[in-house]
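A short write-up of the structure that comes next.
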Amino acid sequence: MPPGRQGGRRSLSDLEAIVEGLNPAQRAAALHQDGPLLVIAGAGAGKTRTATHRLACLLARGVPPEAVMCITFTNKAAREMRDRAVALVGADARRVMIRTFHSAAMVLLRQYIGDFPESGRTPSFTVADPTIQLALLKEAIAERNFDLKANRPESFLWRIGRYKNELADPESLLARQPSHDLMDWPRVLEMIRSTDRYVNRLTAEIWKRYEEKLRRNDMVDFDDLINLFVQMLREKPDIRADLQRRFAYLQVDEFQDTNVAQLHMVKLLAGERQNVMAVGDDAQSIYSWRSADIRCILEFERHFPGARTILLEQNYRSTGAIIRAANRLIAHNAGQRPKRLFTAAPEGRPVVAHEAETEVDEAKWVVQRIRAGAEAGRRWGDFAILYRTTAQGRPFEEELREASIPYQVVGGPRFYDRREVQDSLAYLRLVHNPRDSVSLERVLNAPRRGIGERGLQRLLALAAQREVDLIAALRVAADEGVLQDEAAAGARQLHDHLRRAREALERQPGRFAAAMERLLRESGYLAYLQEEDRRKEERRSEVVESLIAAMHEFERRSPDGGLGAYLDHLALLEGQEDESGGDVVKLQTIHSAKGLEYPVVFVVGMEQGLLPYQRALEEGNLEEERRLCYVAITRASEELYLTGARVRWQRGEMVLTTPSQFLSEALGPGPAQPLWVPASAD
């Protein structure tokens, strides 16, 4: 009997019952058993169904549940696959290991790490959360007497994580040579060369100290779960052989999102048997900023020679018009596997493209269409507004609130609940009301000024004793030695910024927006956010830029209003009932919408610099931006709207935009060619 098999094989009729209802490509994938298989599953092509039915077929053929490992990218996907498999073949499916990469690595590390003493961990190791990671990094930095302000722990944590996902280590950074043969050295070397030599040396030194602290505390960080597991498989042939015997079949979902470390985890577990089924869609690879490497799926046959490839191209989600737009768009990518979606669904409504005058007008138009759709019988939950960056959501939130339409920001807080927005508004409130101690507490160390809780209490006591407002108290405390050194300098600077802002408002009460924008810039708050954001995809500084645009827009509409009127306006917005649950319009970034579908989708901000995103263009990532737009388009099942603005507020001024190149690529010649409707014609 072949390895991994047992008695209890079901009849051919059982297998036929399992694959009944699958299309020919899905059926071929589900019935595949031995050897490597790559399933390229287009958007809406039944990927999860196919993978689950293949698992069911393995179990129906007598493969022991314990001999199968299924890897998913989310715990939710793991639960869904397990539940579906149980429905198909019964309770045996519950014994299959269905976990995320990190979860599977953690479970197996705990079982085997006792035989891997080189790791310096015990089976009861703990996983350090981000707070603990930062604390350990701060200790490592402080031990070398480095300035924490100039060497921010968050930046090192991000950089170390990127290297770990490539299976690199401190030694490879210092020697500029690979320390083992699993490392993709040309890629790692490119990362090293793109960073200052001193920064790399500093990173390696701090990384070593950080790792030593993790070992001493019997801890691993999140990236170590896979790194240590791969290291154990690489260095311990007995453990590797045992796990290869134990798991005869591996099944990996969302293979386009794997990184180098995860790829090698799969290869080492597969061994010579190579019973790997990978399911994914290279056209939906959109997470390179999380270290996902599209080459893992594009070069699958190189890693698993003799692999069979099956294409799932029939889309069960979208209308013909939407599928045609998606196919036209992605055809412009050179680094993709050949694939063309088709559907048996009706042609449906044409894709609609609309150019508004401003981002506010764009939001108004979208909300009007949502209102009209609801009046025609659609539910609020049928609608989704998708955007490239978090900052773009603000005008849509405001217009939805104005129209009393319930909505939910998926995957993050509402715009006005975001930390950076609340910080910025605290600056505004303190200028408007210099006795606002809550706002003072919020801005004191945003950015860091060295004023702690005791310093705050001294400021409050001083203001009460001298009967002065809090802005004045900042200067008095600095001048009279109530605060000293860094705290005194910080208080004096903050006082000067706030005083200048108040003087500007006294001169021109109705022109508050420019004064507040200047305050946020000159106080160092925007620079503080930009530094914090250098390691992140969604920039907090852009969210504040959107808030600044909102201030200017309010001033334009209400020239006599002033700062107080604007704060009142926000208070009324915030006071409206939060209806984020149930039947609500969804607002979310395109990244967070992957895997979801909605009857009606608005892809907004279709402009060069937004989609495609300017930073991505500068970094040579046009094809990933096109894949991102492809993901957005294929979220729609019935109606698709692509919108943009002719002018948009950017960094303190109204800028004329250029329509996204993706519009002409997706809406090419054809019988149902949509039009980019200018604002003047609407």
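Cβ coordinates come from backbone N, Cα and C, glycine included.
Owing to the predicted nature of the structure, the values given are computational and were not obtained by experimental measurement.
Pulled from TrEMBL, these are the features on record:
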BINDING   ALA41, GLY42, ALA43, GLY44, ALA45, GLY46, LYS47, THR48  ATP binding site
DOMAIN    20-319  domain 'UvrD-like helicase ATP-binding'
DOMAIN    320-595  domain 'UvrD-like helicase C-terminal'
In which DSSP state, out of helix, strand and coil, do we find LYS47 (ATP binding site)?
helix
Neighbour count (Cβ, 10 Å) for GLY42 (ATP binding site):
25
Number of other Cβ atoms within 10 Å of the Cβ of ALA45 (ATP binding site) across all protein chains:
25
GLY42 (ATP binding site): secondary structure state under DSSP, collapsed to three categories:
coil
Taking the mean position of the Cβ atoms of ALA41, GLY42, ALA43, GLY44, ALA45, GLY46, LYS47, THR48 as the ATP site, which residues outside that list, in the same chain, have a Cβ no more than 8 Å away, listed in sequence order?
THR50, ASP281, LEU312, ASN315, TYR316
Note down the number of other Cβ atoms within 10 Å of the Cβ of GLY46 (ATP binding site), including every protein chain shown.
21
With every protein chain in view, what's the tally of Cβ atoms within 10 Å of the Cβ of LYS47 (ATP binding site), excluding that atom itself?
23
